[in-house]
């Protein structure tokens, strides 16, 4: 027997525990000054359903907040605003866009560019610089006041005074001021106040709008824009620097091939060809100080020969009426001589009032149009100066390089690449002046429109959703799928079946197709957005804004043509009786796999399975009998086909 314990001495702990349990179970508590968790002086949490809530929709979050607000619940509930997911696109609704357009038309007269203050020879450089700063500051305050009072959004215009000073100098020294605009949206890049400022400086100066990238427009679209500007009394010229460069390069290659084929004919022909090649070099190296009168005469003869060659081009075939007018006029001038042509130009008043033509002009036609536009007194005697101005990335430098015949001006896809104006002599008496690109103040609905128009750099954008949403709104779903060969997810059953795809749907499909993935295995939407937006700016995804009064959907002839070509291709493919070979795509992985010289099967375990031995392939009867020889079976001498791990054998296939 063990030692007997004192009665009640060891049960004190159990008594305390039992008392605490009974106290917690009892509902009759006496008031106490002790601070315990059982005080009934707070909110009764027991009546609530304590269910964890980690995610709430916007509506549930609002209703929960309104319920917590108590007395303000009714007032807040009356102001409920349902925000659909499409609101994140950053685009305006139809009603908002119409309202903003009306405000733009009402306040368009307040948009202006800064003027250079009046100066004369007595004005010192310091006084002129201070006056320019004062006028520039006043101009900026006027635009800020317009934004604050009218609640309008202006484009992020140029705020560097030095760029505007270069524009002033280009306008002052130019006889013809050419605004280069993008053919896909000419009204966005056109500045009407710039035309007024040119006339304010000198009424003899001429304004011309050069619609670049006009090869992206169809003939019907060019006619519509020509008629629109004709009604407004503005001279326009349709031009494509890229298409003309390709055309000139093709002609030069044909000339080189023809010269190489006729090189062995006679020595006299070789000497004449050498004489014709020298003026072409003078075209590239021409300057005002180094050329003599003899070289000028040779240059003019060469240019006349090139004009005759150009008139035999396919321009007459594409537009016979206009080709007869242009070509016939030039031939008459060549036949009757320069004196008759000058008399004809003085006699006909049509040269001062030119009608807008919708055909694409060539390099020589463009230079001839410049010479015909300005016939009055020039800023510099004996020299016609043509100033090229406009927004960034509309093709000013590309136009100069095409006219000059080689790379005279640096070109970049990034807007604002040209930093300083420069003058270049095309021929004696004709000078081109390139001005840096200026973002002039204009009304805009959203910043996404400026990114899609190429005004703002794509690589510097912060939010990719609004511009991609604008692309989805302008380009139909079927055109996007046909262009990239992707399948965009269809709208749900409770959605509009004809709604445009969202930016997330397009970027997800494009990213999966191109393999643009993030570190977490999701499609890289920002990277895909940069590719799609650059295709939109380049014209691969083509959308052309119509003139005022035209239906934007009916104006997109290229979309219908693309879809018709796709439907015709599918019909030809599905025609019975025509077996077309399936297009075989050469895959490097498949080609390497099926051309292996050593192919073997691997099995698990150490025993041979159906004639196969691990690591050695098929086991023959002779080899099996040789292995069963008496001796030391545990010795495996010369075992070169021992079992190896599969991950070592095929580690070259691991990615």
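Indices start at 1 and increase along the chain as displayed.
Positions of Cβ are set from backbone N, Cα and C atoms, glycine also.
For 212-215, 390-397, 434-437, the entry in Swiss-Prot reads GTP binding site.
Among the features that Swiss-Prot reports, compositional bias 'Basic residues' is placed at 16-28 (among others).
Under the heading compositional bias 'Acidic residues', Swiss-Prot lists 288-327.
According to Swiss-Prot, the feature compositional bias 'Basic and acidic residues' maps to 328-339.
Annotation source Swiss-Prot lists compositional bias 'Polar residues' at 344-359.
The compositional bias 'Basic residues' annotation in Swiss-Prot covers 633-655 (among others).
Each residue in the domain 'CP-type G' (164-441) has a pLDDT score, and their mean in this model is 68. The domain 'CP-type G' annotation in Swiss-Prot covers 164-441.
Remark: residue 93 (phosphoserine) has no non-local neighbours by Cβ distance under 8 Å and separation of at least 6 in sequence. What Swiss-Prot lists as phosphoserine is 93 (among others), and the listing cites similarity to another entry.
For 97 (among others), the entry in Swiss-Prot reads phosphoserine.
What Swiss-Prot lists as phosphoserine is 252 (among others), and the listing cites similarity to another entry.
The region 'Disordered' annotation in Swiss-Prot covers 1-31 (among others).
The feature region 'Disordered' is assigned by Swiss-Prot to 253-359 (among others).
The annotation region 'Disordered' is assigned in Swiss-Prot to 625-655 (among others).
In this structure, residue 390 (GTP binding site) is part of a beta strand by DSSP. Separating the Cα atoms of residue 392 (GTP binding site) and residue 97 (phosphoserine) is a whole-number distance of 26 Å. Within 10 Å of the C-beta of residue 434 (GTP binding site) there are 23 other C-beta atoms, taking all protein chains into account. Around the Cβ of residue 214 (GTP binding site), the same chain contributes 183, 222, 238, 239, 240, 360, each under 8 angstroms and 6 or more positions distant in sequence. Around the Cβ of residue 97 (phosphoserine), a 10 Å sphere holds 12 further Cβ atoms from the protein chains shown. Summary for the binding-site residues 390, 392: the Cβ-based neighbour count within 10 Å is maximal at 390. In the three-state DSSP reading, residue 212 (GTP binding site) counts as strand. Across the structure, residue 436 (GTP binding site) and residue 97 (phosphoserine) place their CA atoms 32 angstrom apart.
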